[in-house]
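Data first, discussion second: the structure below is written as structure tokens.
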Amino acid sequence: MAKPARRSGLIQLTSRGRRRRLIPFIEGDSPIMISNDNETLASAAPSTSSPQRKAAIALAILTVTNLLNYYDRTLIVVVSQPLRDEFNLTDTQYGLLAGPAFVLVYALSSLVFGWLADRHNRRTIICSALAAWSIMTALVGLAQSFALLALARAGVGVGEGGANPAGMSLLSDHYPPVRRTFALAIYTAGGMFGLFLSFVLGSWIAVQYGWRAVFIVAAIPGLILALCGLLLLSEPPRGRFETTPPQLFSYREGLQRLRANRAFVWGCSAAAMGTFGSLGMVIWLPQFFIRTHGLTVQQIGLYFGPTAALGLFAGVIAGGMIGSRMARTSLAEPLILCVVANFTLIPLYLLALWSPNLPLALVLTFAAMAISTSYSPAFLAAVQNICEPSTRGTASAVCNVVIAIIGQGLLPLSIGVVSDALAPVAGAASLRWALTISTGFMLISGLLFITTLRLSVRHYAAANPLASAIQE
């Protein structure tokens, strides 16, 4: 006689005989309700080791992909002087290469690749984009004119615009919501390490073999990793951790649904304001330390470079661990990190800017850099959690566009304009005052994240009315 089929359904975890709030996840094809308290925690990770191995492989490959993403895009800054000397570039021409030639193309291509990531095989998109920008990186090193340099640099932006939306969407289907924050923290940390590595390894290659070799060598690991990704990356079912099957929307419908998602809109606005304030410090603090504390360019590389890089890297790892733990209680709770971080950054940066003591200013800078990236995993996970599976690629792309244009496009120019405007009054301290004013955007970001947090709580309550109805 055949055994009765094993029933699948809702599982309520309890402790000490009390009822708990429940959060829905998907284990395979069955919904699982997980206790939402501090005493009883559960993971929605697949029970077999094979999905876990696939998730680990995906995280490793995508983290290295993000490392190469930031490594390749930053090389133009590392070799800026020999590049300008060979092509006799003006400040405007170099600014075009470092800024709009990459940022604008990167932002626009993100929208296209985000739409593709919601509809097509994400593994293919990621590996194709990686191979494409690796080839274009090599072409930067082979360019013989400014026009070819600009075209190759734009090509790097097109390729790199495809990795982030598809990568975060893929990770969201490999890791359940309670583990998603830490997975995205590891992914983001890869980018921070790539930024650091570009200055260390890139500058060494430039000194030993010339600036062209820097770009040509950088293309090799990307092409190898693209092949490994095609062989090893898996494409999990889209929305496998959701309680309802994903719906496919047209591009216009997807954008309309994102616009109607108030938590998403407010979150993107908050992140853009936070990036405007924090990234301004990363870009302008080297000049600040040169003008205010009398550091040389070599001393900036010796003191400020490691301070900033280690702070950024440590912050994203610590923030991912804290946010992942907070997500076990409530998926909205990690957004508290976004609020606290932005409010904490204001006094830290003000003290760093106005401290007459260089070692103290560097210590404060390290702390501020760490906190500035600590909430990044929480925000990235929130974008994936509050958006429908079939719009997650587009959602990541929209965030890329908003942050790239506001945080990376308008930011360097605006702080420079304010500094120049204050120069007749403030003199050599004009940059200090301009950076002081920019901390106001961190205040705005913190306030916007408070609204995002409130809207996210309502979003999760509406998505899971059963959890809202059950009282402890």
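Every residue gets a Cβ built from N, Cα and C, even glycine.
As annotated by TrEMBL, domain 'Major facilitator superfamily (MFS) profile' applies to 58-458.
Per TrEMBL, transmembrane segment is recorded for 94-117 (among others). Outside the transmembrane segment (94-117) by six or more residues, the chain places 73, 76-77, 80, 83-84, 125, 129, 149-150, 153-154, 156-162, 164-166, 169, 251, 254, 392-398, 400-401, 404-405, 408-409, 412 with a CB less than 8 A from a CB of the stretch.
The feature transmembrane segment is assigned by TrEMBL to 123-143 (among others). Proximity of distant same-chain residues to the transmembrane segment (123-143), defined by a Cβ-Cβ separation under 8 Å and at least 6 residues beyond the stretch ends, is recorded for 62, 65, 68-69, 72, 75-76, 113, 116-117, 149, 151-153, 155-156, 158-163, 166-167, 170, 211-216, 218-223, 225-227, 229-230, 233-235.
Taken from TrEMBL, the feature transmembrane segment applies to 184-207 (among others). Within the chain, the transmembrane segment (184-207) has long-range Cβ neighbours (under 8 A, six or more residues past its boundaries) at 59, 62-72, 74-75, 77-79, 82, 167-168, 171, 213-214, 217-218, 301, 305, 309-310, 312-313, 316-317, 319-321, 323-324, 373, 376-377, 380-381, 384.
Among the features that TrEMBL reports, transmembrane segment is placed at 213-233 (among others).
Per TrEMBL, transmembrane segment is recorded for 263-285 (among others).
Beyond its flanks by at least six residues, the transmembrane segment (300-323) meets 181-186, 188-189, 192-193, 195-196, 199, 203, 282, 285-286, 289-290, 334, 337, 341, 362, 365-378, 381 of its own chain at Cβ-Cβ distances under 8 Å. Under the heading transmembrane segment, TrEMBL lists 300-323 (among others).
Here the transmembrane segment (335-354) has long-range neighbours at 267, 270, 274, 277-278, 281, 288, 319, 322-323, 326, 361, 364-365, 367-368, 371-372, 374-375, 378-379, 382, 432, 435-436, 439, 442-443, 445-446, 449-450, 452-453, 456, meaning same-chain residues at least 6 beyond its ends whose C-beta is under 8 angstroms from one of its own. TrEMBL lists 335-354 (among others) with the feature transmembrane segment.
According to TrEMBL, the transmembrane segment annotation covers 360-383 (among others). Listed as Cβ neighbours of the transmembrane segment (360-383) (distance under 8 Å, sequence separation of 6 or more from its ends, same chain) are residues 168, 177, 180-182, 184-185, 188, 192, 263-264, 267-268, 271, 274, 278, 281-282, 285, 289, 293, 303-304, 307-308, 310-316, 318-320, 322-324, 326-327, 331-332, 334-335, 337-338, 340-342, 344-345, 348-349, 351-353, 392, 395-396, 399, 452, 456.
Annotation comment: TrEMBL describes 395-418 (among others) as transmembrane segment.
Away from its own ends, the transmembrane segment (430-450) comes close to residues 266-267, 269-271, 273-274, 276-278, 280-281, 284-285, 287-288, 291-292, 335, 338-339, 342-343, 345-346, 349-350, 353-354, 415-416, 418-423 of its chain (Cβ-Cβ under 8 Å, at least six residues beyond either end). Annotation source TrEMBL lists transmembrane segment at 430-450 (among others).
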The answer for the transmembrane segment (213-233), taking Cβ pairs under 8 Å and residues 6+ beyond its ends, is 57-58, 61, 64-65, 68, 71-72, 75, 78-79, 123-124, 126-128, 130-131, 133-135, 137-138, 140-142, 170, 202, 205-206
